[in-house]
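Here is the structure we will look at.
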Amino acid sequence: MKKLLLVNGPNLNRLGVREVNVYGKGTLATLEADMKQEAETMGVELECFQSNHEGAIIDIIHEAEDIYEGIILNPGAFTHYSYAIRDAIASISIPVIEVHISNIHQRESFRHESVTAAVCAGQIVGFGFYGYKLALFALMEKLRGA
């Protein structure tokens, strides 16, 4: 069975209470449970990780290469300035799909640039929690060689 990793970055543990007008009322626990269920229907095992700390995210990305076949990553605000996370993604051979709940290109100007997207297999933004499922579908296609 394929194993995939879902990584959520800073402040995503506050889903459901933080800026519900932007991120919705769903919680991280709900998102993770829904994603695990969706992955299971595809015959895939999905493990979830969340951290507010850049180093912890870098560590899990490094470790992932030997354990998982791909990563779905929401780097949160690190998207816009973490060259260290960008370098961690670039240093591994498994595909990474970047996902964002909101459309970062329609928000404040400082959110428009993603320093991590260029080293990811793709980026999905603006579809709420459904974007994570789209990322899962895209990652599975990437792993099939599509």
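Cβ from N, Cα, C; glycine included.
Annotated in Swiss-Prot:
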- Arg18: site 'Transition state stabilizer' (SITE)
- Tyr23: active site, proton acceptor (ACT_SITE)
- Asn74, His80, Asp87, Ile101, Ser102, Arg111: substrate binding site (BINDING)
- His100: active site, proton donor (ACT_SITE)
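The 10 Å shell around the Cβ of Ile101 (substrate binding site) contains 24 further Cβ atoms across the protein chains shown. Between the C-alpha atoms of His80 (substrate binding site) and the residue listed as 'active site, proton donor', the distance comes to 12 Å.
Around Asn74 (substrate binding site), the C-beta neighbours below 8 angstroms that are at least 6 residues distant in the chain are Val7, Asn8, Gly9, Leu12, Glu98, Val99, His100, Ile101, Tyr132.
According to DSSP, Asn74 (substrate binding site) sits within a strand segment. Shown are the recorded positions Arg18, His80, His100; the one with the most C-beta atoms within 10 angstroms of its own C-beta is His100. Arg18 (site 'Transition state stabilizer') is 13 Å away from Ser102 (substrate binding site) when you measure Cα to Cα. Within 10 Å of the C-beta of Ser102 (substrate binding site) there are 18 other C-beta atoms, taking all protein chains into account.
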